[in-house]
Amino acid sequence: MAFLTHLLVCVFGMGSWVAINGLWVELPLLVTELPEAWYLPSYLTVVIQLANIGPLLVTLMHRFRPGCLSEVPVIFLILCVGTAACILLAFLWNVTSWIQGGQHSVAFIVLTFFLALVDCTSSVTFLPFMSQLPTYYLTTFFIGEGLSGLLPALVALVQGSGITTCVNVTETPGTTLNTMETPITQGNLSPSLPSPSWHQESRYLAPRFSPLLFFLLLSFLTGCCLVAFFLLQRQPWGRQGSIEDLLHSQVTLHSIRPRDTEDTSSLGAPVSSPGKGSVEASVASLRPAQLAFIYSVVAFVNALTNGVLPSVQTYSCLPYGPVAYHLSATLSSVASPLACFLPIFLPNRSLLFLGVLTVLGTGFGAYNMAMAAMSPCPVLQGHWGGEVLIVLSWVLFAACLSYVKVMLGVILRDRSRSALLWCGAAVQLGSLIGALLMFPLVNVLKLFSSADYCSLDCSV
């Protein structure tokens, strides 16, 4: 029974961000099919940030009408909306509309907004629901949340999305002949025709399965989350679960009591490890300057990971080829949840260490941004070393800053519930600032340049 409950909690947590994570890892294929092309990531970044209206409304309801809004019907509603949006996306992802003199993926962008609305709102509804369960299920929930990024990334790796080959194209007036690898000899052409011109173009290879099947898989995963939540609702929680919680974790009970000096001995001492008291004391004694540093780092890190760098990933990776872009998008999505597991085994609460790790991750992000600014001819373009460096840079960027985000959340969680509330506000503020900063740079000022990989000539 306990194993089944852990499984349900894991599947429930997996549904929190599986749809949006799935969209990001599918981008290497989508940018080749949709009219927005290289601009698509910046559009998605802004759309996802606009979807924060959902958690904002839920938070305002809890603030001004406490007790009026129950998480259970909200969770049922958003999971039903998410499943329906994924199903519609499977059939409408490539439907375009003519707007302001050009084709645009209106259906895709609108459905992405609803998926983002679901996933953003899950941040302020899933965790309050988990507070009804015994504390030891919370770790299982976060493992499931990590799988929401890992599973779509693995599926995208199998799919092989966005892979291309270069073909030779010969052109004469009124005639265009294509060959895949060997050029057409001039002896096959009529002597009366002018000399042909040659160049290379990209031809995208068909993935192992289509976006239709990929989005149907996302629909299945979201539907599994809905079923898991329904079954969790039918579990006999209540008083028995509360008693279990108290028996399994007296430290949790101690941590929510007032942190008076006389409180730090009796209840927590028998059950906590020798270092636990010092950890709680250090968390409780955080100075305002330290808290300001933590919130600033939270906002800065999320601005980079959720707003700034995703907007230019195509420009930093595609000049090295579609394989580099495909691996960067998928492996960074794998690295992020794996890095989220590290604090379970290798926790480090030192603000100095987390600051150094933030600088290191920012360095990798700066390299990615520099390559995007130099597009379509970045450093080592056309050399295998450049491909390896850009993939490693994106993976390490995601891993370093994901670890920082988790550890700062752990520090604030141990301080108070209101600290976590302000942490969430810093996350959304940083993400919003990053998205609003990059959208005009990419789509209005057009500071980043795109080009066909096969026709690039960066020798000059």
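Even glycines carry a Cβ here, placed using N, Cα and C.
Of the listed residues (Asn168, Asn188), Swiss-Prot tags Asn168 with N-linked glycosylation site; the rest carry no such note in the record, though that does not show they lack it.
Look at the topological domains in Swiss-Prot: Ala2 and Gly409 end up on the same side of the membrane. When you go through Ser255, Ser266, Ser272, Ser278 in Swiss-Prot, the residue listed as phosphoserine is Ser266. In the structure as shown, the Cβ atom of Asn94 (N-linked glycosylation site) sits within 10 Å of 15 other Cβ atoms. Highest Cβ pair count under 8 Å relative to the transmembrane segment (7-27), across stretches 106-126, 138-158, 419-439: 138-158. Remark: the transmembrane segment (388-408) makes no contact with the transmembrane segment (106-126), by the rule of 3 or more CB pairs under 8 A. Least crowded of the disulfide-bonded residues (Cys377, Cys454), judged by neighbouring Cβ atoms within 10 Å of its own Cβ: Cys377. Separating the Cα atoms of Cys377 (disulfide bond) and Asn94 (N-linked glycosylation site) is a whole-number distance of 30 Å. It is 38-58 that, among the stretches 38-58, 72-92, 138-158, 327-347, forms the most Cβ pairs under 8 Å with the transmembrane segment (292-312). Within 10 Å of the Cβ of Asn168 (N-linked glycosylation site) there are 17 other Cβ atoms, across all protein chains.
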